[in-house]
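Heads up: the structure comes next, in structure tokens.
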Amino acid sequence: MLRQAIGGQRGAVILGAFLLALHQATEALIPVLIGVMIDETELSSLLSWLGVLAGVYVVLSFSYRFGGRIAEGSAERAAHDLRLRVVRRVLHAGGGAEDGRLPGALTTIATEDVRRAGAVNLVVAVAAAGLSGLAVGTVVLLNTSLPLGLLVLLGTPALAWLGHLLAKPLERRSSTEQERAAHASGVAADLVAGLRVLKGIGAEQAAVERYRRTSRDSLAATMRAARAQALQNGLVLALTGLFVALVAYIGARLAQEGTISLGQLVSSVGLALFLMGPLHLLAWVNSELAQARASAARVAEVLAAPPAVAPGSTPAPSPVQGSVRLRGVRLGGLDGLDLEVRPGELLGVVAPDPAAASALLHCLGRSADPLGGVVELDGVDLTGVDPAALREAILVAAHDADLFEGTVLENLGAHTPAALAASGADEVIDSLPEGGQSLVGERGNSLSGGQRQRVALARALAADRPVLVLHEPTTAVDAVTEARIAAGLREARPGRTTILVTTSPALLAAADRVVLVDGGRVAADATHAELVHESDTYRTAVLA
Amino acid sequence: MSAPERHLLPVATPARTRSAVRELVRPHRRLAVYGFGVMVVATATGLATQPLLGWVIDLVAAGEGALLPPIALLVVVALAAGALTALGLAKVAQLGETVLAELREHFVARALTLPLEQVERAGSGDLTARVTADVSRVADAVRSALPELARSALTIVLTLGALALVDWRFFVAALIAVPVQVLTARWYVRHAVPLYAAQRTAAGAQQQQLLETIGGAPTVRAFLRHDEHLGRVENRSLAAVELTMRGLRLAMGFYSRLHIAEYAGLAAVLITGFLLVRNGQASIGEATAAALYFHSLFGPVNTALALLDDAQSATAALARLVGVTDLPLPAPAAHVEPSGEAAVEVRGLGHAYVTGRPVLHDVDLVVAGGERVALVGASGAGKTTLAKLIAGLHTPTGGKVAARGVGMVTQEVHVFAGPLAEDLRLAGPDATDDELRRALSLVGALDWAQALPDGLATVVGEGGHRLTPAQRQQLALARLILADPEVAVLDEATAEAGSAGARVLERAIDRASDGRTTLVVAHRLTQAASADRIVVMDGGRVVETGTHAELLTAGGRYAALWRAWSDGRS
């Protein structure tokens, strides 16, 4: 996965790594040049060294500027590509990527995890930079003096390792502290989200108290983390100071023996301090790589998720007559269901067991395949048909289908006055300030529940599929409108097959025929009026 | 759509934000003085390193052998600076975290007591964004940006001071870098602040789109809107990437300009050192100390300047928090007791959410103690508005509402994240476990509640165990029982559960409202039929009142509704 992320941007990664490496190399030269110039006794040569320093600065500045830009840019583009792949996988007609993952968790994968996985491009470039800084510093030091070089060479990694060792328990702790802190902000957002509920029962003060407790817990936790962090910072500072003292001492002894010059002593002290920089970079690379690996694993898991239904190769029947047939279907609440829907029929299905209703909807929309038995459209077994092609023929409009941000008309997809009238969405449009051009907000939030449901129904009707399956389309609609919808459904679907999975008597009364699914099979098959008279189960299910 | 009607919650002025910070810090000023004092001493101690190194150089240059004193002092300085820094950082963090906790508690306390109409006018996203994004932005600043900034600023000031102590001419030479740095910082902040604000907006829009597309994936698949949604995600993602790249170009340009300042200052300090040493006005050790001082300034200067925009955006976030905490508490609505036997008394009530578009006109309604009244009408008739006004969730724009203690179950069913028992205790903070179980059992929820993985301790709501819509509504009714109001207002509590679960819920409603004066916004007409009295609303007015039988006989609007309803069930 990470290799793929780099592979897509190989040129940019190599160029970025080269430039950032160049930047670190020039950074390493600055303390060296300072040492050289401190030692200088001739003004003219000092000035030419300043010229050299200027040249180094030009290279340093440009390599950093463009190296950083190129490396970070490649990380961003890699994340963008991964993000689109994740979304494409989630939306894939075969489904299956969402199984066992909440939308929020998947969204985090499509934002945070792809960012971390993509950042591997930057990490590689920074690793090159760190190694280059380390190499230049080492070469200069070893050239100056073998013992001093070795001291710095061995001492700095030891120091970095000590710092890492000190940071380790802290990192573990800080992640739990962060969770606590996030919990406090989560609780606050949750209370605000439930503001109306709180006010309805006058529970504001209790909620304030509850938040205060959470906040205090979180404060105690963050204080512990902050103290540990402060201690670690102090220790690292002290260790670095002791190391500098050691380098200064050894360097001064060497200078006294005449092994190195004064300028070289200054350079060595400067380099000892500078080398902490590349080492920190490498430590950062290490921890980022671990995170990138974990994130990439999560992304890969989504991309590789098995589809919920197998892809098929049989073409969907064309033109679709609209006869639907289920034989011995077993899944969830269905236990050998046999059902035949004639072309053009308006069929009501009453399933008091919600599991049976949802299994039926899954089979018809191919979001799941039956464990046993066959579902056919015009005699073609659905499991052989590509799910996307099938959905051109059959539309299953879920009870809780989402609306999307945009105008009412954009949500409908097609402007069909007949669909608007039949669903009662025409009244919704009339009541909105800008009619069909009104924005519905995220997930249709700015509409009321009843308005949302009518627009969703209009969308299902406007899609005009040969077979339409509607699940409880009127639960949030008032009785008058529901009666109007029931009366208009047939007209909105002339000659087309419509299956109503509902317990609403108003809708069932409008159906040509109603089947009662009980115990996973069809228990009764008649008109609504007949069933009301004949079946106790039906009466209980439909008439409250 | 309602964009022109948006009235975002207020934002504090910069002056008020500063004084709010002073007010927050004032109770802890001893801690503040102590913490910052220690930091100053710690930084100053650390700055002794360079002159000590200079001393070593001078000793070597003079050919003297006694290296021990400066080296020993270097060791002492290292240990003291480390210890003092640890102490100072801990104290500063204690101050920051305590103040932060108090700020967020004030904010949440104020946010939860805001009048609902104010929150709704602003859009619920406004308050949510402040309570999440703004609080965490301020927290990040308190935890990382501000201490870093303070430490860097302290290091810069003290280093420049130390440079002046070595020789004032080094200080003057170092100042050459300052104009470039000041200009660069101003240029950067001017461009960075709006750019980063745009970046956050783009990131939010992308997040929103992903949530919508991923959460709505089944719908996208069913309606074959795959390409459209992929396109939307791609556009938002590209916009975010583009803004990030612009931010990057800006930051990289910023560092380039700072490199110019670094070079100019370093060259000036080195030339000054050379001239002073040549004229015998400074030792080579002093020149070294000066050069090392200046070189050690690069890090803190870059850090401080780069953090300016973090500090700026945290200040903006803080201003949005203070804007809310400063809102005056609404005058406690003079609680009017209804006259006589009545539990609810409504006179000449009118209401408009948007000026000029009234949704209720001149409504009169008196509900007697213990009476059960059903509100009936088509969507948009004003039922919910009347219910909310009676429950005191909104303040009417005209007329009068008087009611004894009211509790309302609203259409929004929210499950509070956390253990189930904690959710219930919001309504009855002192309720015992037995009382919780009794409330759950009354609404028929005890069986499933006890069957949850950890029983009543099971974490529910966002991120926890998911409850079905019917279970959420039972929970809302159990809360009502625990809150135990005299008057219960119930708004469409069965609507979303689907007809199958409706009966179970209707029984729960009966139990929850048992012994209370009850006002039901009836969705299913069966709820109305069993009420003591039915109030029919249309176009924001009460058009009929009476019992089920009376209204059927009257042959008006209710009778027509009932026919439409019962036709389907003949």
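The backbone N, Cα and C atoms fix where each Cβ goes, and this holds for glycine too.
Bear in mind that TrEMBL entries carry predicted annotations, made automatically and left uncurated.
These come from TrEMBL:
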TRANSMEM  A:12-34  transmembrane segment
DOMAIN    A:14-291  domain 'ABC transmembrane type-1'
TRANSMEM  A:46-67  transmembrane segment
TRANSMEM  A:119-142  transmembrane segment
TRANSMEM  A:148-167  transmembrane segment
TRANSMEM  A:233-252  transmembrane segment
TRANSMEM  A:264-285  transmembrane segment
DOMAIN    A:318-544  domain 'ABC transporter'
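Same-chain neighbours of the transmembrane segment (A:233-252): 145, 147-148, 151-152, 155-156, 159, 162-163, 166, 260, 264-265, 268-269, 272-273, 276, counting only residues six or more beyond its ends whose CB sits under 8 Å from a CB of the stretch.
Within the same chain, residues 24, 27-28, 30-32, 34-36, 38-39, 123, 126-127, 129-134, 137, 140-141, 144-145, 148, 152, 155-157, 159-160, 163-164, 240, 243-244, 247-248, 251-252, 254-255 sit at least 6 positions outside the transmembrane segment (A:264-285) and bring their C-beta atoms closer than 8 Å to a C-beta of that stretch. Note on the transmembrane segment (A:148-167): residues 137-138, 141-142, 232, 235-236, 239-240, 243, 246-247, 250-251, 254, 260, 268, 271-272, 275-276, 279-280, 282-283 of its chain, located 6 or more positions outside it, place their CB under 8 angstroms from a CB of the stretch. Across the domain 'ABC transporter' (A:318-544), the prediction's mean pLDDT works out to 90.
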